[in-house]
Structure formats: structure tokens, C-alpha cells
Amino acid sequence: MDRLNNVGGETERELDEKYPNRPRNKHSTLPFHDLFLTLFNPLNGNKKRPTGPAAARKKLGPHGGQQTLSPQELRRDIIQRFISRWRKEVGNDIYPAFRLIIPEKDRDRAMYGLKEKTIGKLLVKIMKIDKNSEDGFNLLNWKLPGQSMASRMAGDFAGRCYEVISKRPIRTDVGNMTIQEVNDKLDVLAATSKEDEQIPVLEEFYRNMNPEELMWLIRIILRQMKVGATERTFFEIWHPDAESLFSISSSLRRVCWELYDPNVRLEADEARVTLMQCFQPQLAQFQMHSFPKMIERMRLSPDDPTFWIEEKLDGERIQLHMMSDDSIPGGKRFGFWSRKAKDYTYLYGNGFYDENGALTRHLKDAFADGVDNIILDGEMITWDPEQDAPLPFGTLKTAALSEQRNPFSATGQRPLFRIFDILYLNDKALTRYTLRDRRRALEASIKPVHRRLEVHTYEIGNSAADIEPQLRKVVAEASEGLVLKNPNSPYRLNDRHDDWMKVKPEYMTEFGESLDCVVIGGYYGSGKRGGGLASFLCGLRVDEAQVRQGASPMKCYSFLKVGGGFTAPDYANIRHHTDGKWKDWNPKKPPTEFIELAGGDAQYERPDVWIRPDESVVLCVKAASVTPSDQFRLGLTVRFPRFKRLRMDKDWKSALSIQEFMDLKANAEREQKEKEFKIDNSRRKRAKRAVKKPLTIAGYDESKRAGFTGPSGHVFEGMNFFVITDSVEPEKKSKLELEQLIKANGGKIYQTHTAAPNTLCIAERRTVKVASVQKVAKESIIRPSWLFDCIKQNEVDKGLPDLLIPFEPRHMYFTVKSQEEEIARHVDEYSDSYARDITPNELSKLLVSMPLIPNLPPPHISKTETQIQERESTFQELRGWLFKNQVLHFVKRRSDSMLSLPLRLASNLARFAGASVANELEDKSITHVVIDTDSQPADVSALRSAISKRVAAGRRIPHLVTIAWIQDSWKAESLLDEERFAPTA
């Protein structure tokens, strides 16, 4: 029988002491090949099945055939059968299997340090292949353009290895290695770092496995399984509390060993943070509301309506664990983890005397007497002692490594841990205590170490008016933003809640929050960008509702194409992370499992190559605004998208989803109507259509357009109607037919307008009853055309919540005085609806009714230019349009009487490329304030203070950049992200 000899560097005796009640398997683990024969291959086969609604299933019973399962049900059935078999034939300890099924979640096994190229090199030596042969070249150079595309297994390194191994296998039948034996050998492999130590381990696998087993082994080593099911599905089927426990511990071992019996639920006390176990922290909610509404959403206590205002730090979210341990010099052991559960203890130190620790060696006096153990939540930032100011996030790791080499430098950049919460103190979890109580415990436990470990400060707010001065300060200091916190709230693990809210300043010409989109396609460039991918197709992942209906969780809708804002290093970085994973786009066999384009068979914006979302990268993209587009599957895209940065801390699962974007868009539109200072946003419940004027009734959202599938059947639900006459236009319907139509769509029919409250009167011609209602003048009379328009619009919006379109003047047979003005606001000056798709006939009449304008004023010309630029992508590539729509203000140094030569050259260059130049800083249209690269810090600070006054005026804030932004953008032939060119002060 297999025995667990070593897990995560611990002996079996140590594990027995740590987990005395862990389950023991009664029999040997299953053969390794059973993993792919009974689990991986069936799951992959299920991925290839066409998806469809679960409703289209055969019925069970004496007259029904065998039930046809939906792909999602079949996926669960495959996993359930494997788990049931394991429990029956092996035992309750499924940890050995889960380590190989979801290896990317196994934190107990060290990283192998083996990437594709290294494995290819080792296989060439093990199989004694000539490195210059076709197979040798393909293994060693699999990333080279053209090589991977020639293979049937293109983009799949493990599949490439399978092809090569299949030509020279030692075994053709499956081997007899068990799952536990494979785990034992992988533990040995993880403990090695030299080639001469790695080769014997891989040679043993080669001798005892056939090509298919080796292919799956390589996928396990690379942690790239692609089995058509996420860890969430495995966790849900294993135990109902498995995902919750993993969220608070990030420990696959705890999930398997503490939750082996599905009938024994996790106790509340067990679902708490634990020392030296990485948890998933609480996150701040994005909101786009006016300040009073944000405070309202925090649901502050009437007895204590105060809230806290903290500066949002530009660093990395880190949790610090400290406990007493006599085996560590100094008696205290430390652990550091990121939000994504990456262990950074090696970087910041495991004890007071860790010579490699960039932080812990400075913390000997950081804790109050009596603190034996503690868990702190905070932000690790980079601090520059010379400027006595924080530096951008991208410099953090460099600063930490520099601190390791020279720990007592007084001038070098260093990591600084700013603490804003405490979760655990002296064996007691504090998550259920209020933030105010936790802060008291934090301040009593920590003795700050200047510019090494500090408690993050906060301001107390009593009303919305207290937020604005703090936001002005943030702008003046070029900080990230603010976080508002409810001091009476508990700590909510792995949750994003209104108790904490982000507030970011909204800058000119940008659409609120950055969009983190997964790359799904690529387009080859021309000219100076020829020979490589120059622009990328980004998508939005589908939501849970579509997954439940059978869609692949990885499926993405095409959303935007971005080719601006990239520098040569940016392209190189993306290439590094995606080389070898691209596949040629085959129009006859599009990858519909992963990507859905607009246009059906026409395949609008079809990329040259595509990539699986789980092998791709996430780009942070900024844009000017959202605009309708039939070229992208979402029905929407963004104007002037620009690359901001590569989000290596995110993957396809955490990239923006369709619903998340629609929520973001709805919030942006709602706040656009308010005359208050606006902030960045993210999540709400319902997305609304972009409109020209404020609406009182929600309109139609083109972004979620669905094909015609008939009336939704609920559009008039909860409404009362009194149909008085038949219909003549646009359809001839009798009174009875109109009543049937209303009832079929959820409405109720009455034969008088006084029988039920809020009854709508429907009529199109004058009768005695119509005249009677009209004479009383208490009820408006609506034409039947409104019924038809509502039903038709909801057919177009199939799949969205049913919404009524607002009344238009054309819908009204008679309007009471109190409603006339409101209804008139639902159309523009030409009677074009803001919320409804008009028909071609209506559009034709509308155009005829418009007066001719022989001479267009400048604003109209500018608007036309913008529309041309939006529709013609080639205009964006013209250097003469590079700074179009940008308004720049150039600031001379206080010691100069006129602009310096570099500033004048930059100004001329920007104007040549389409920019406008504003002479006064007070100009409301300014998008960028440009200064010289050698401006003095005092001048920069003064300028930021002046710009911050825009906050009080409720205006957006211009970017503050050096002339390098203009120069480098001109060289790159693309507008680059402004944050890279912000001056330091």
C-alpha cells in the first residue's frame, strides 16, 4: 500500500502531529493512467460537445429514452464518478489525486523551476535526439514563429512532446505507476535544481510511462492542465465547504484532509484565519455615485454616522504573519503572502536575523511586549528616502532586492509596509470585531518603525463634504485615490463589499475605470511593426448564467481591438508570455468554444491568430468612451483604446466579464447626468443604454442585443390595461386581439379604467368612451403603437430584464397636461427616440423633416472629424492625428520669461499632430499639463496643488506629464499611458 512519505518537506510523523485526524486510505492509490482515461480525456471530450440549453433533454420514464445530459451536467457527472470511485476503491484521502488534477492550487509542493524550453532540452538529452533534427529543433525552438504553427498540437507544448515521444517510446501500453508514486517522484523533482539531478527523475518517468502518460505529466509539471473544469467544480463536488476553506487558507491539503466527509460541515470557528495560512483578503468595492450616495450605501449606524477616509496606496497587497518560534534566531517567525497567495517570505525575511530579508531585520522593536503572534493586512510600497515619498508600484521588487544587498543604506529605495488592519492577535481571530476595535488592537500591538513598518493613517469623515478636501490632497500629491471605510464593519474574508469603497479621481478624456480585458486574438502589423503582432483583439468573458446553460467558462465575446500605447518592451513582454501559444485562425473552423465574433459567418474583426484565454494575458486598457458597434460581438466597443499596462497579477478568470462591464457602463452613464464631481467606478446591477439626454424610464441596451426569438412574455407583467378601441396603425388589430396580446405578455385586462389602480387606457380613435375619458382629463390615452413598440424592443433585447420603453409624443392619443413636458423629453428635436430603435420608414421621414444647414459651424466640423476617426481605423495610424482631441497646456519654469526650447519644440510637434494648445491653466478643456523634464520638485508640487483645485469645481483633472510623453508617443506612433511620464516631486 502506498504511504505518504513527504509532503511539502514534512515527514509523515510531522504530518501526523499536525493533522492527527487526517483521513487514511485503506488501499493503494489508483494507477496514474486512470486520471486521464477516466477523468481528463472524458472532460476534454465534453468540452468539444456543442452546447445548448438544458431544456432540450429527453425525458425519463417508460416512454422516454435515456436522458441526455447538458455539458455542465456531464462534466459534474464525470467528476462525481471519479470521486465516488476513489472513495470506494482507495479511501477518503483524495489529496494525492487533487495534487495532480489541480496542480496550480498545490502550495505545498515547491515550484519545479522547469519551463517549456528547459523540459524540451532535457527530453532531447534523455531520448538522445539530434538537436538539429526536425524533432530536436521543434522541442528546443518551439516558441519561434512558424514552428509551432506547423504542428497538429500547435500552441500545446505537452502535445508537441507527445508527438516527439510517440516516435520513440519505451512503452506503448500504459504504465503501472500509481498516483502516489508519481507524487513521490514529483516531490524529488521539485527539490532539484540542477540538470544532472533532474534528468534521472525524468528518465524514470520515461521508462515507466507511455507517450500519453508523459504528455499529462508534462502538463502537471507546467501546471497547465486544460481539462475543461475549474477547481471550483472539483471543490463543489468534493465537499460543499471546500471552496470556502480554500479561500481562507489557500491550502489544498487542508481542503482534502479537513473536509473529507461531505456530511460534516465546516464549523464557524474553523472558517477563520490561521497563522501561516494565506487567506483571501477583503477588497474595496468600486462605486460610481455622488459622495452622499456612497455614504448612504455604506449603511452607517445612525448612532455613529462617521466613516474613515484612507489614502489608497500604490503598492502590492501583502499579509504579514508573525508567530513565536524558538527554532528561528530571534524567536519570531515571519511569513509574507500577496493577495494571489504568492509567498514573498524569501524576499522580505522569515526572521529578525534573516540576512536575505529586506524588511524583517528592521522589525526587532516593531511589536509591543506580549505580542506572541499576529496577522497584519496592509500594502507594501516602495519608499524613496531622498524624496521622502512613495514610488510607483513597478519599482517594488527592485527596491526589495536592493535592500537585501545593502540593508542599512540611508538613501536607497526600500520596501515600506503600511498596515491598515489586524486580523489575528495572540491566538485570537479578530475578523468578527469592528474595524474600530481592530484598529485599537493594532495600535496597541505595533510600535512603528519609521519608513519601514508604519500604521496607515486615516481621517474621520462626518459628511460628504469631508471627502472632497481629501481627494484634492490626493490629486495634489499624485496619489492613487481614497478608500472609504465603515468603522463599525467586520472584516469580510474574500469579499468585495460596500463597507470599503474605492474613490479615484477621474481624469480628462477617459472612461472611468481601467478595463482589464483578456487577449483572445492578434493581428500582424505592417511597416515598422511588420513581422509580429501589432494589435490585439480583447474579449469579455461570459457570465455564470451562460456557463449554467452549457457555455464554456472560458468563452469570450469580442469587445475591442487595441494597438495604441505599446512600446517595444511592451510588445516583447507580451511575446514572452504568449509565444508558442498562438494558433492560426481558420474561418471554416472558428474556435467558437472560446471566442465568439460579431457578424455570424461573416466573422467581423477576425484576427490573424487566436489564443486560448487560459494561456493568454490580461491587458489594462484605457479608452475615451463607450460606443455602439456591430463589429464586435458585445454590440459595443470603446473609442480610442490605449494600452496602459500588462496585468500579470490577473488571469482570464479575474479579467472583466460581460456583466461586470455592463454594470460599469451603466454607472458611468448614470453619473454623467449628475452635476457633481465624478469618480472611478465598477459594479452595479443593471446596464443602461447610452443616451443623449436624461431618461426617466430605462431604455434599450444595444450591447446585449440578442437574435429574434419571439415575445418575452413578461413585458407588461404587473400592469393593468383598459383597451377601448381597435388598432389601425401600424398593425390592424381588433380590440380582442389587443387584449390577447397584452395578456400573453403578462398584463391584466379590465373593462373600465376605474376598476384597478394605475390602469392604462389604450385607444386610437374617438368613441363615446374615449371622449368621456378625455373630457375628465385625469388619464392619458395611449395609442396601441406603444404596445407594439414595447414588445418589438424586448424581442430585440431578448435575454435582458424586460423594460418598458418611455412614452413618446407619437404614442399619445391624448396627454394630460402634467405629463406633456416629461413625454416630450423622451425624443430629440427631430422626434428621434432616445430609447427605441426606430424603423427605416420612421428614419426616412425623420431625415426629410430635418432642415438643411448650408454652413456647418466649427463644433459640427469637429464632431464630423471625430466620427470619421472612429469609423476609419487608418486615421488612428496617421501621425498627423496622433494628438487629435487633446488640449495641452505648456508650463514654463518660474525663472523663465518664455517657454524653454524643449517645450517649444514639444508644443510644435503636438500641434502638428493635431493637438490644441491652451494658454491659461484655468481653461476647462485642458486634458494634459506639460512641463519640462528637469522641472524642480517644488514647481511640480505647486502645479499639482493648482490642478487639484479642479476637484472643488467638480471638473475632471488633466494629466500632468513631462515633454517625454509627447516625444515618446511620437516615436512609438501611438499615445502612450500618461502614468509612465508623471513627474516626481
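A Cβ is built for glycine as well, from the same backbone N, Cα and C atoms used for every other residue.
The record from Swiss-Prot ties GLU310, LYS312, LEU313, ARG317, PHE420, GLU480, LYS485, LYS502, LYS504 to ATP, and of the options GLU355, GLU379, GLU544 it ties GLU379 to that site too. Here the Cβ of GLU310 (ATP binding site) has 19 other Cβ atoms within 10 Å, regardless of which shown protein chain they belong to. Here the compositional bias 'Basic and acidic residues' (10-20) is broken down by DSSP into helix, strand and coil counts: 7 helix, 2 strand, 2 coil. Long-range neighbours of LEU313 (ATP binding site) (same chain, six or more residues apart, CB within less than 8 Å of its CB): GLU379, ILE381, PRO390, ARG418, HIS456, SER479, GLU480. Residue with the densest Cβ environment among the recorded positions LYS312, LYS502: LYS502, by other Cβ atoms within 10 Å. Distance noted between the C-alpha atoms of LYS502 (ATP binding site) and LYS312 (active site, N6-AMP-lysine intermediate) is 8 Å. Maximum C-alpha to C-alpha distance over the listed ATP-binding residues GLU310, LYS312, LEU313, ARG317, GLU379, PHE420, GLU480, LYS485, LYS502, LYS504 is 19 Å.
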